[in-house]
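Novice: Sharing the features that TrEMBL gives for it:
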type	residues	note
DOMAIN	84-146	domain 'Anoctamin dimerisation'
DOMAIN	149-719	domain 'Anoctamin transmembrane'
TRANSMEM	157-186	transmembrane segment
TRANSMEM	236-255	transmembrane segment
TRANSMEM	301-327	transmembrane segment
TRANSMEM	347-374	transmembrane segment
TRANSMEM	394-413	transmembrane segment
TRANSMEM	523-549	transmembrane segment
TRANSMEM	573-597	transmembrane segment
TRANSMEM	680-705	transmembrane segment
Amino acid sequence: QNEEKWDFVLVSDIHEMGSEKEIKRKKFLDELNKKGFTIKKIEDTKLFYGVRAPQHIFWKYQCLLMNPNSRQQNSSAHQDVPVTTRIRVVHFILQNTVTSDLEKLHDLMKKKVFEAAFPLHKKEKIREILKKKWARWRVIFKEQPIEEIRCYFGEKVALYFAWLGWYTYLLIFAALAGLVTVAAGATVFSSSQVSKEICDANNTIMCPLCDQNCSFWVLSDTCTYAKVTHMIDNEATVVFAIFMAIWATVFLELWKRKRATVAANWDVYGWDEEEEELALQLINNSQHEPRLYQHSYFRSTIVLILSLLMMMVLIGIAHALVIYRAVAMALFTQSEVNLLSKHGDTVAVMTGAVLHYVTIVIMTKVNWHVALFLCDLEKPRTFSERENSFTVKIFLFQFFTNFSSLIYIAFFLGRINGHPGHYVRIAGHWRLEECHPSGCITDLFIQMAVIMVLKQTISNIMEYLIPWLSHQLRKKQKHPKKRNVILGEEEEAEDPCKRQWLNNYELNEVNVFSLFNEYLEIVIQYSFTTIFVAAFPLAPLLALINNVIEIHMDAIKMMRLCRRMVPRKAKDIGIWLQVLEAIGILAVIGNGLVIAITSDFIPVQVYKYMYSPCTRENHTSMDCSTGYINNSLSIFHVQDFEPHTKVLPEFNGIQVKKCRYRDYRNADDYSYTVQFWHIFAARLAFLILFEHVALCVKLIAAWYIPDVPQKVKNEILREKHSNLQNEL
C-alpha cells in the first residue's frame, strides 16, 4: 500500500527519441533522481511520471521548522508529515530544481517539454467527508467544515472560506437593514409632500430635454419616477449609510478576532513566511544564498507613473461612456420609434449600464496583463512580495474600471451641464445629459442595480459553466483512444495508478491565481455593498444571495472540476485586509458624498428651515416642505433659447412664454441665487459633519473590539512561559 503513494504527477507529450525536448526531459528527471526522488512512468496517449520524495527531505523540514519545545524529543518525532506539507515541499523542490542547462520546470513548461504538473486528488477519508458535507448543493445553509478544508487544501484556502463564510454571515444584518430602509421608503415616505407636489404639478411646464424637435413637457409626467426616487432618497437612507459605515468596521474587527482564534488553533499564529521560504530553499540546495532586500527609487517612480497613466486610461473610458450616453440620448429622443423617443433618457441610461458592464469584462483582462507587467518591473524578492504588489495594483485598476462611471453619475451628472440658453456641449454639438427632475439618485440606483445583477448572474454562470464544460470535453477527448490500447493488449493488467492519474489529468488545471481571482471578485463586490450603498440599499441583499451560492460553487469547483490546489500555508488573508480597511474608509467618504451631493436630502432640509412657509408663520398642521418643488425650479424665458434650437413653441394649444428647469438661478440674468449658495454651504457642512462622526464611530468601534481574543493571548502567554521554564 505504501508503495503507491505518489506526491506529484508530471505529464508530457510523447517526444521522439533524441529530440531536444526528450533530452531536456531526461535531464530534469535525472536531477530529481540525484535528489533521491522515486519516479514511476506510465505510458498512455501522454507520458505520466509519478514523483515521490525521499523521506529524509521531510525530516529535514521538520528539524528546521520544529517548535523549539519539541526539539528535545528523540527521533521518534519523525512521524508522518501532513499530506498538505508533503505536497507543498515537493512542489517547491520541483519548481526550483535546476537542470544542467540552467532551466527550471517553469521554463520547461513554456518550451512544452512538460505539459502539466499537479498533486493528486486521492481517495482519502477526508475527501469523502468534504464531498458529503461541503461540495454539494444540499448543504447550502450548513456551516462549512473549515478544519477539514484546511487538512485537504492547506491554510490559505481554508482561511479564504472562513473569511467568506464570516462575511456572508454578517451580510445578513446589512441585508436586513437595507430591506428595512427600502420598506420604510415604500411605506412611511411614499406619501411624501415632495412627490405629491410633483404628481399634482400638471400645469408646471418644463423646458425641452433636447435641442431638435423636442416639445415642452409637464412635470406631473414624471410622477412614478418621483415615487421611486423618494423610496431611496429619504431620511432613513442617512441612518442606513451611517449604519453601513459602522458595519464595515465591525465586520473587519470581528474577522480579526476570528482569524486570531483560527490561527491559534492551527498553530500558525507565530508562523513566519520568510523563515519557511528560506528553509525550503536550503532543503532544496544546501549551498543556497538568500536574495537580499533591495529598493530602487527609480523603479518605484517608473511603476508609479505607469500606474497613474493606466488609471487615466480607465477614467478616459468612463468619459467615453458619458459621451455615448449624451449622443445616444439625442439620437433616441429624435428617433421615429415612439417608444424610443418617449423613454429616450431611460433607454440611454440602461444601454449605457450594459456597455459599462462590457467594458468591465474587457478591461479586466487588460488590467491583469498591465499589473503583471508592472510587477515584473519591480523585481519583487519573494513570491509573497510579488503577490502583495500585484494585489494592490490589480485592485486599484479594477476599482477604477468598476467605479469611474458610477462616480461620474453620482457627483458630476447634471451639475456641469449649464442651463437653458447656455448649455455645455460635447464638441459644440451634443448637450450633456441632465439628472431626472426628481433627483439624480435614481440614475445611480439604476446603474448600480444593472451592474450588480449582471456582474453576479453572468460572472457566476460563466465561472461555473466554463470549468464544467471543459471538464466534459477533456473527458470525451481522452477516452476513445484508451479503449483500443486495452483491446490490443488484453493480457497486460492495467496499472491501478493509471486510472487515477488520468482522472486527475482530465480535470481543469489550477494556477497560482485561482484563489486570487475568488478574492478579487468578492472584494470588488464588497466595495459595491459599502461605497455607494446609500443610493442602492438592496446591494447587501444581492451580495448575500450571491455569496451563499458562491461558497458552494467554489467548493464544487475545487473538489470535483479542478485539479488539487497546491496547499499553501498562511496565518491571515494577507494584504487583502488592508484593502478592505481602505474600502471601509472610502465607504464613509462615498456615502457622505452621495447624501450631501447626489440626494435631495440637503436642499429639502435647507428649504424647510429657511425658506418654507413654516418660517414665516407658525403652522403646526402644515408640512414644512410644502412648496419645495416650485421653489427648486428656476424660470427661463423662451426668447433666450440658442438660435439653432428648434423648439415647438406651442404646447397643448397655448403659446409658451416661460418654462421651468431644475436649478437655483435668477430669472433675469440667470446667475445663481442666494439660496444656491446657502444649499452649497449646507452640503459642505453636512459632508464634514457626516464624515467626522462616521470616522469617529469607526475608530471607537475599532478600539472597543480587541483584535485578539483574551483566550488566545493567554494561551500564547502560557506557552511562552512553559517553554522558558523548560529551558531553565
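Each Cβ is built from the backbone N, Cα and C atoms, and glycine gets one as well.
Note that the structure is a prediction, hence the values are computed from the model and not measured.
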Novice: Given the transmembrane segment (157-186), which of the listed stretches 236-255, 347-374, 523-549 has the most Cβ pairs that are under 8 Å apart from it?
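Specialist: Top-ranked stretch among 236-255, 347-374, 523-549: 523-549.
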Novice: Same chain only, please: residues at least 6 beyond the ends of the transmembrane segment (573-597) with a C-beta under 8 Å from a C-beta of the stretch. Say none if there are none.
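Specialist: That would be 159-160, 163, 237-238, 241, 244-245, 248-249, 252, 256, 259, 384, 387-388, 391-392, 395, 410-411, 415, 441, 444, 519, 523, 526-527, 530-535, 683-684, 686-687, 690-691, 694-695, 698.
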Novice: In the domain 'Anoctamin dimerisation' (84-146), how many residues does DSSP put in helix, strand and coil?
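Specialist: Computed counts for the domain 'Anoctamin dimerisation' (84-146) are 32 helix, 3 strand, 28 coil.
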Novice: Could you give the mean pLDDT over the domain 'Anoctamin dimerisation' (84-146), rounded to a whole number?
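Specialist: PLDDT averaged over the stretch: 89.
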